[in-house]
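Quick look at what TrEMBL annotates:
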BINDING   G116, K117, G118, G119, V120, G121, K122, S123  ATP binding site
DOMAIN    5-76  domain 'MIP18 family-like'
Amino acid sequence: MPSVDDIRTALARVIDPELRASIVELGMVRSIDAHENGVVDVTVSLTTPGCPIRNHFQTSVVKEAKTVEGVTHVNVTFDVLSDTEKQGLQQKLGRSGGLPSGALAQVANVICVGSGKGGVGKSSVTANLAAALTAEGKKVGVLDADVWGYSIPRMFGLGGQRPPVSATRKILPLEAGGVKVMSIGFFVEEDSAVVWRGPMLHKALTQFLEDVDWGELDYLLVDLPPGTGDVSMTLAQLLPQAQFLIVTTPQATAQKVARRAAEMATKVNLEIGGIVENMSGFATPTGERYAIFGEGGGQELADELDVPLFGKVPLTMPLREQADAGVPLVATDPDDPAAQAIRSVARGIIAITPTQPIALQMAPEEPAATLPIVESKPKPKGMSLPMA
Ligand SMILES: Nc1ncnc2c1ncn2[C@@H]1O[C@H](COP(=O)(O)OP(=O)(O)O)[C@@H](O)[C@H]1O
Ligand SMILES: [Mg+2]
């Protein structure tokens, strides 16, 4: 029979992404029953019945419990903490100083921009989408999580700069054109290779979410590295409410690769928000269009995944030139065909996303004042990003 203690130890690795602490430590594991045939029943108590991170708990509890010897099957059930228990949780969070940083408490939407492979224009789309959402009057942040191939600082003309640190030991994002920008690129020598992996990578990404003062944002766009590796998995774990926006080209082979990214997203329970097709033909300055990479890949992928195709962005020279010049094209020439397409993507996204901060969506029936996620205190914790 599997040991209940071992299962509890394993479940300590399941983190509540909002409260940023282990569900065991938070007292959210109501019961663990192990049976002789290796079947384990776990009851997890949520702070609110409609908890949107339920799926995350479901998956993580099964995964962690299964690492224990003898466990063959895990049943997860949910109940809700009583008011007294919630108060206890709140006190515990306050007393231990383990309050959530609240860094994302005022962020309404997190959108991870991903692709199966590099070079499809993920960063270009991210930077221009940020500019387009800003132009629509939204508050926008960009987190460059492409730790190996960061290009966001340069696209915003912020190369070689270093973000300041506030009195409360929070890292302040740099700003360009009204967009708050944070990148690993700010912390390493330009053009040097970043060799972080595993735990260090996890730590750095966690800090980008916890120790960065993002403030109030309608959208936090996360530029993911290509593929389905560590970074995407870690972020999915830290940001279970995030939507996944997939960038692909019209080419059938690219679409196949993008589908893998979609499968990864589904596996880690990230919701796929939609598709952007980039490099959909080359638009000449006179308006002629050449289908350099073929046609239809974005629509096909969208149909297959049953999600919207937010737009088809043509190749235009100014888009590339502006990326190199450090100001997104949408900000300098909103009428360029590529800029127009990205602005329409922005409007599509606005149309389907809520504008309330995630923290408030979490427990709409509770007054905000009692939500630990809202009343955050800065953590008296050191930073270990490589800040020279
Ligand atoms: N629609 C486009 N029109 C012109 N150039 C583009 C377009 N999309 C991307 N590019 C260029 O293609 C290259 C790769 O784009 P990038 O955004 O860095 O891709 P990724 O982030 O997916 O690796 C860059 O040089 C970029 O300027
Ligand atoms: Mg990139």
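Glycine is no exception: its Cβ is also placed from the backbone N, Cα and C atoms.
Unlike curated entries, TrEMBL annotations are predicted automatically.
In sequence order, S115, P226, V247 are the same-chain residues whose CB sits within 8 A of the CB centroid of G116, K117, G118, G119, V120, G121, K122, S123, the residues recorded for ATP being left out. In this structure, none of the binding-site residues G116, K117, G121 sits close to ligand 2 with a C-beta under 6 angstroms from any of its atoms.
In the vicinity of ligand 1, defined as a Cβ distance under 6 Å, the following of the binding-site residues K117, G119, G121, S123 are placed: G119, G121, S123. Each of the binding-site residues K117, K122 was scored by how many other Cβ atoms lie within 10 Å of its Cβ, and the smallest score goes to K117. Taking all protein chains in view, 24 other C-beta atoms sit within 10 angstroms of the C-beta of G121 (ATP binding site). Mapped onto DSSP helix, strand and coil, the domain 'MIP18 family-like' (5-76) counts 19 helix, 22 strand, 31 coil. It is G116 that, of the binding-site residues G116, G118, G119, has its Cβ surrounded by the most other Cβ atoms within 10 Å.
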